[in-house]
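Colleague: Here it is, the structure, as structure tokens.
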Amino acid sequence: MMLVRGRTIILCIVVTELCLEYSILYEAVRSLHNPGHFEVFDEPYPYLYELLLVLILLLTVIFNIGLFLYGMCGFTRRKKEYVLFLFAYHFVIVIPFYLSGFYLYLAAIQPGTSQLNSYAMLMFTEALNEVRFNTLTERTLTAINDLQDRFCCCGLNGPADYGWEFEKEGVWNRSMRDSNISLSCPFDKGCQHHEFPGCLKRIPQRKRLFIIVTSSIGIACAVGSLLITPFVYASFEHDRRVARARYIRTWRAQMDLELEHERKDELEEDTISEKAEQKSAISKASEQKQNARLTKDMEGLGKGGSGRTSAGRGASNRWKKTSGQKPISLATTVSARTSNSSEEEDPTASPSQVNEPLLGGRVSHTIRN
């Protein structure tokens, strides 16, 4: 389903209104001195141009009120677009339309154009002739009365055109004595005139007055809007920039805070990694020391075992050499072994140390034998 946006609807309304306005302007220029019925496409439409002027004036006032209300509120993008649309609407549509009203007024006050056209004059002449010959129809009477009621005029050049002395108190004045249908001035239609002007001058005068008044009001509103909209736009732009600067400052503060947290986290991670490296280095150094100590101990053990083996061999040789001498006692042999083993002691017993009692026992047993 296709969605219709608000700006599309506004654009269609503006284009339609523009076409209607300028078509009405053309017909109004052509039928300026028509007796109250403007023609559009050869069809009479009374009050059409006046209604269009009032409609455009109301739209202008509504847009101006909307501009004021938007100016009282804060900034949004849609309000900014509304200000641009309002400026374009007044510049393209409203001002040209009301300037054309001034043109119509200037054209109406030119010499030779301040009277009704031949159609209106012919209508009044035929009405008077029909009254004179007692042939006035209801259609002609209705047209004359509507025209006089609308513009508060009487006759073509005045009440004297009817050829009688009318009474102001009467609802309808008497016409010719032999006439059954009478023409009269509009006393009962809200027209409070002691002397009614003729429709020949009254109708163009009323039209010119209406056109110049409405056009002046419309031009004043449009020019005021054109002067106000740049300031409103500048105010919206200022508010937008202030809001943007505030957002940027907030964003920068947030980013600085996040960066500070990241730096602290990185520093903590670096400290933890350095401590771990120090611990690993210390553990490696201790392991190396332990390995070196174990290696040294093993070397010492190897040297002690070789000494004890050579001592045993020396004792055996000495026993062989002294076999013919005085026998050596067991106590003497044990004390000699104790003195030899006390030179280098180690908590770890070697195989030679384990076998030493066996060797001493054998030696003592041999000596005894």
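Backbone N, Cα and C define each Cβ position, glycine as well.
Keep in mind that what you see is a predicted model, and the values were worked out from it rather than measured.
Positions annotated as transmembrane segment by TrEMBL: 7-26, 46-70, 82-106, 209-236. What TrEMBL records for 263-369 is region 'Disordered'. Annotation comment: TrEMBL describes 263-278 as compositional bias 'Basic and acidic residues'. TrEMBL lists 280-293, 324-341 with the feature compositional bias 'Polar residues'. Summarising the annotation, TrEMBL assigns compositional bias 'Low complexity' to 308-317.
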Colleague: Which residue counts does DSSP give the compositional bias 'Basic and acidic residues' (263-278) for helix, strand and coil?
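Modeller: Its residues fall into 16 helix, 0 strand, 0 coil.
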Colleague: Is it possible to list how many residues within the compositional bias 'Polar residues' (280-293) are helical, extended or coil according to DSSP?
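Modeller: Counting residues by DSSP class gives 14 helix, 0 strand, 0 coil.
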